[in-house]
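Taken verbatim from Swiss-Prot:
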type     : residues : note
DOMAIN   : 3-88     : domain 'Acylphosphatase-like'
ACT_SITE : Arg18    : active site
ACT_SITE : Asn36    : active site
Amino acid sequence: MKTLHLQIEGRVQGVWFRESMRREAERLGVDGWVRNRPDGSVEAVVQGTDEAVAALVAWAKMGPPLAHVERVDLSETEGEYSGFEKRSD
């Protein structure tokens, strides 16, 4: 299992990014969570097979149709997750 922390910057709030990411994560079988940050970015932790995590990271670099992703910072992290949660702001 691979676990990554993502910090996603750009026009990523108010564009259905979190809900879209939750749906994509469930489609790919990725666990973790996603939430908005006060600075206007989106933060997520994703966990799954190397292939599934890579696919979700690739999706995050594009985002949903109304988003404009400028940057995605990745770092390895630890934890155990079950399901994918859209957290409150």
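Each Cβ is built from the backbone N, Cα and C atoms, and glycine gets one as well.
Around Asn36 (active site), taking its Cβ as the centre, 18 other Cβ atoms fall within 10 Å, counting all chains. Asn36 (active site) is 8 Å away from Arg18 (active site) when you measure Cα to Cα. Over the domain 'Acylphosphatase-like' (3-88) the predicted model carries a mean pLDDT of 98.
DSSP labels the residues of the domain 'Acylphosphatase-like' (3-88) in these numbers: 25 helix, 34 strand, 27 coil.
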